[in-house]
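Visitor: Residues or ranges marked as topological domain 'Extracellular' in Swiss-Prot: 1-72, 131-145, 211-237, 317-335. For 2, 13, the entry in Swiss-Prot reads N-linked glycosylation site, with the evidence type sequence analysis. Marked as transmembrane segment by Swiss-Prot on the basis of sequence analysis: 73-93, 110-130, 146-166, 190-210, 238-258, 296-316, 336-356. Taken from Swiss-Prot, the feature topological domain 'Cytoplasmic' applies to 94-109, 167-189, 259-295, 357-447, supported by sequence analysis. Marked as disulfide bond by Swiss-Prot: 142-228.
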């Protein structure tokens, strides 16, 4: 969390002992017309020195050693796993040309945004537990960190939503997906969401600054109280937190639930249809189909749960800060939420590579090659079907044991670029094993049709031809 994305910094950090109410009282008391009374600071008859006053409002300059060490260890583990995981995703996508797909471009964008946020946000966050005030980095760093951290947060949310939309179209509306398929479209979308995210984060960068407490007796500024935050007055007057909550949590959460719920229902429906057709087959195929269905649905559920768990505490804390400062035990609740929200917020940067990448067999093989130095690169051009989604059920060779060949009468209908000229349309007519060196995109049909290709085009044109209905069951992005 940071000076702008986290409400705790707008209230001087939830770990500070008497943060929100006393801080706002301080801001008001800087006006000479506002009389200072015992109710404002509860500092007795106010015999406090400036140093004692700062300690009363902001809490201790350094948190207890056990807490600082524990948080450093936990956040250090999050930092290492998050940086390593996201770096591996980026390196794998860059190194292997077979990974240059629309889906992986979204994953690359997500990994970069998570990396930037971890690098700019987490070290400073840990430092605050050891030295809460005065701020040592200055106003430029305060603004830059607030701006970049907020922007990267928005990029992550937008990327997850865009990625979910791609999956939804591929699974539920494959005929519509073909009209939009292509790397350039994915790059344009990613570029647009980065631009929109950075524009949306500009107010947080502009409004964040070094804030100070004012000594109530003479209204002088206490230099030792410097901290990076948005002005409490601005937070109360401009609904930055409310807008952020609606646009970057409520709406994305609703979209993700609807999209993945629809995808889960579609996968379940198709699996049940297959089981009905396969009643005469052996029980092993039925069990395998059921296992694949459960695996995919669990992954879909994991996406929704992960998004909610990682982001809800963060936004809940903002809302409590804005609307529940007068509730009983507010400070205790806010301090607990600070720890929970901070942990969940940064854990999302670590979990994303797992949820969206590591669950894919292709990524697991690539990671083993990268970490262990094993020469398994041939996997990417071997007999496995393209595995561009973490929801991949199986390879083409595992699912289709024999297919039949015929020449396509209209090959040009399938061309999407000049590199796609060496494709063969295969239809069930004569028995022929699927070549193990085929790089294929699986298309579920009533009469099996598979397109073998040697290009980077990742989704073939859905087609209705005679008695053939080509329906894309899995993501072909």
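Please read every residue number as a count from 1 along the shown chain.
Keep in mind that glycine also has a Cβ here, set from the backbone N, Cα and C atoms.
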Visitor: If you draw a 10 Å sphere around the Cβ of residue 228 (disulfide bond), how many other Cβ atoms fall inside it, taking every protein chain shown into account?
Guide: 26
Visitor: Is it the case that the transmembrane segment (238-258) and the transmembrane segment (110-130) touch, counting contact as three or more CB pairs under 8 Å in which the residues of each pair are 6 or more positions apart?
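Guide: No, the transmembrane segment (238-258) does not contact the transmembrane segment (110-130).
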Visitor: Against the transmembrane segment (146-166), which of these stretches has the most C-beta pairs under 8 Å: 73-93, 110-130, 190-210?
Guide: 190-210
Visitor: Applying the under-8 angstroms CB criterion, which one of 73-93, 110-130, 190-210, 296-316 scores highest with the transmembrane segment (336-356)?
Guide: 296-316
Visitor: Could you please provide the mean pLDDT value for the topological domain 'Cytoplasmic' (94-109)?
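Guide: Summing pLDDT over the topological domain 'Cytoplasmic' (94-109) and dividing by its length gives 83.
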Visitor: Using all protein chains in view, find how many other C-beta atoms are within 10 Å of the C-beta of residue 142 (disulfide bond).
Guide: 25
